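Per Swiss-Prot, these features apply:
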BINDING   10, 12, 47, 220  Mn(2+) 1 binding site
BINDING   47, 86, 121, 218  Mn(2+) 2 binding site
């Protein structure tokens, strides 16, 4: 019986940071196969792709196993949702037309089995924290900037995007080991009191006490934290280190990993 709702994020498919990108994709496809008979809906909460840009007639190569499995589940009646992350912000209508997916460019508040969820990738909430990121956020979502980018041949843009992503992640890992961690990447170095998504959830919950659960991706952290009055905030981890996801069965919301199923 299809009764469970799943949430996952940050697979970064195609990333050169993965020791073996194909292994990551196969693992993700295997997870989808395992949950196919129980899944009522699946929410992919951003950065499932390390880079994604849709031209009018062209999309990035690869991801065949993942997209094929998602298409199978959609055809079987599973509700599919994709959120734009900061790496795959340039989604348009491909996933909707080919997979029947609901695409969300911003966070949403939705009722699921009687509880109210605030769902977002997590990058949008950083705009109020750092002005430079707010400028970058606006630039990446600017229609003119997108039009100009689309005018450049993919031969140049795809390699450049993957290269910038890899450099950014390596730089973040280096800062982490020095104790300077604007991007935490790892629970081992995580300061929960200063995490902006935790602060956002606390502040938002004070203004919107009707929200029961907050679920984010983006930070590559595994977090399940209690707020006031039995409210909770979850950060989903990733498919780089944790192979993790959350599942809601209408009564219980838990963080799990692919290894828990083996």
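Even glycines carry a Cβ here, placed using N, Cα and C.
Annotated Mn(2+) 2 site 47, 86, 121, 218; additional same-chain residues within 8 Å of its Cβ mean position, judged by their own Cβ, are 9, 10, 45, 46, 83, 85, 87, 122, 123, 217. The record gives 10, 12, 47, 220 for Mn(2+) 1. Within 8 Å of the mean position of their Cβ atoms, the other Cβ atoms in that chain belong to 9, 11, 46, 50, 85, 87, 217, 218, 238, 239, 240. In this view, residue 47 (Mn(2+) 1 binding site) is surrounded by 30 other Cβ atoms within 10 Å of its Cβ, with every protein chain counted. Taken residue by residue with DSSP, residue 121 (Mn(2+) 2 binding site) is part of neither helix nor strand, so it is coil. All protein chains considered, the CB of residue 12 (Mn(2+) 1 binding site) has 25 other CB atoms within 10 Å.
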